[in-house]
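What TrEMBL says about this protein:
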| type | residues | note |
| --- | --- | --- |
| DOMAIN | 87-513 | domain 'Major facilitator superfamily (MFS) profile' |
| TRANSMEM | 12-31 | transmembrane segment |
| TRANSMEM | 139-159 | transmembrane segment |
| TRANSMEM | 166-186 | transmembrane segment |
| TRANSMEM | 192-212 | transmembrane segment |
| TRANSMEM | 224-246 | transmembrane segment |
| TRANSMEM | 252-271 | transmembrane segment |
| TRANSMEM | 330-348 | transmembrane segment |
| TRANSMEM | 360-379 | transmembrane segment |
Amino acid sequence: MKFEDLLLEIGGFGRFQIFILFILCLPRINLPMHFLLHNFLAATPSHHCAIPHQEAFVNLTMEEVLLISIPQEPDGTYSSCEMFSQPQFHLLLNSSLQPENNSIIQHCQHGWVYDHSQFTSTISTQWDLVCEQRGLNQATATFFFIGVTMGAVIFGYLSDRFGRKAMLLLSLVFSVIFGMLSAASVSYSMLAITRTLTGVALSGVSLIILPFGMEWVDIQHRTFSGILTSIFWSIGNMLLAMVAYLVREWHWLLVAVTGPCLLSIVCLWWVPESARWLIANGKVKQAQRHLLQCARMNGREDFTVSPEAWMAAHLYSYISLFRTPVLRKISLCSGAVWFGVAFSYYGMSMNLTGFGLNMYLSQFVLGIIEIPAKMIMYVLVNRVGRRQSQAWTLILTGLSIGANVIIPKSETLFCGRGRGSTHLFLTVVCTTMVPYLSRQNGMGYTSFVARLGGALAPLVFLLDEVWRSLPEVTYCAVAVCCGSVAFLLPETLNVRLPEVSSILPCTWKSLLD
């Protein structure tokens, strides 16, 4: 008997499934609070070189001290990374006569002075990650996503080997441990290591939640369950803005965004292991117990089934994803699409200051915009299909990013980019329903490639030193190219999920034989 038929008998989407999905959505809220934390954790406030022997200028105002000590940029603002080697007192008479001799201009020699009106402290102000050290500041996000990338491979295999629930619990526990250690960091090296390990742990949460919930849901409601968990990501986006607004000190901000994992650990007690996974591993009696629990909660008291009707299957490895020509094509194309999605999404999400709005408001508005956008996508993926929806949202998002190179930034484009980013991240969830031989290995592989995109996205901002618009051009080109690859993927609308006992549905088997 196929598992989809069992779900129909016990209720494919009843009170039991709603209860399970709600609990699994709690840790989903916590994910964007860490994945997008870099915006506030590593924010760089306005700053200028520290001026030595400032007590010698007691007769001058602070503005006059800056005028004779710090060179001005063409727009009239003071340089963030340079200072005069000697005070230029003649500028007090005519400030427009900026020195043309670059030999009297040098890099900051005595540290920096930061504006603390918006942030009490960030890692930038803590360890002076500005100017020549700016790359280390951006690398903090890259270290985190490198951890997420490694975790995708690790937890993709472990959740198939040892179960969804056990690995989800393990990842939450380690997320708390490494998150708190990050908050206690006393050096940049310690922060880089602990944030990387936090990424490894949180990758398990990101990877397991969606398929864990969908394995309890029937075909008709799997897209709805996907959008439900995705909406909780948007809620986490909004909560991050609120928490960051209230907590302006980076140590306590890390504590505030890590603490909710404890609630998820407690609530996970009431979530049963995936019956699909139990059957796949021959634990049919335990699976029968959970199925009976589901049937009773859904009001199907007359449900009975013999465990002998179920078949166990052996587990597959990542190599299975590339075993046949068609599967190789699906795996490579899916990986390219996921890379483009993550690269574009995090490239936009980590550039809040580029929208010209208050960064807290930008973060909050991004979260709000995502919710109606995902509802629209819910209709589109069921009417148009996954392939067309994924391809065009990724292409249009790339084009809207590129339009900002030509058209001055406005709130309209800000909204378009926000909606585009959420469209493509919702739809890519649906494209994971390609017929992988092992669902968690497939999720692990695509998540691994996506996190490579997430790891590279923050570093692209450094290209603005070559050409100011080069980062946006890069995000645009990658999004359009990867969106075009999505047209090569097969359509999966209303296709039965692959069973562990008969790995592929019949419509796919004919292609792979």
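Each Cβ is built from the backbone N, Cα and C atoms, and glycine gets one as well.
Remember, TrEMBL labels are computer predictions, not curated facts.
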| pLDDT averaged over every residue in the domain 'Major facilitator superfamily (MFS) profile' (87-513) | 80
| remark: Same-chain residues at least 6 beyond the ends of the transmembrane segment (224-246) with a Cβ under 8 Å from one of its Cβ atoms are 13, 17, 21, 24-26, 28-33, 36-37, 39-40, 209-210, 213-214, 217, 253, 256-257, 360-361, 363-364, 366-368, 370-371, 374-375, 377-378, 422, 425-426, 429-430
| request: Test the contact criterion for the transmembrane segment (192-212) and the transmembrane segment (330-348): 3 or more CB pairs under 8 Å, pairs 6 or more apart in sequence, then answer yes or no. | output: no
| query | the transmembrane segment (166-186): which same-chain residues, six or more beyond its ends, come within Cβ distance under 8 Å? | reply | 27, 30, 34, 151, 155, 158-159, 194-195, 197-198, 200-205, 208-209, 212, 251-252, 254-255, 257-258, 261-262, 264-265, 268, 273
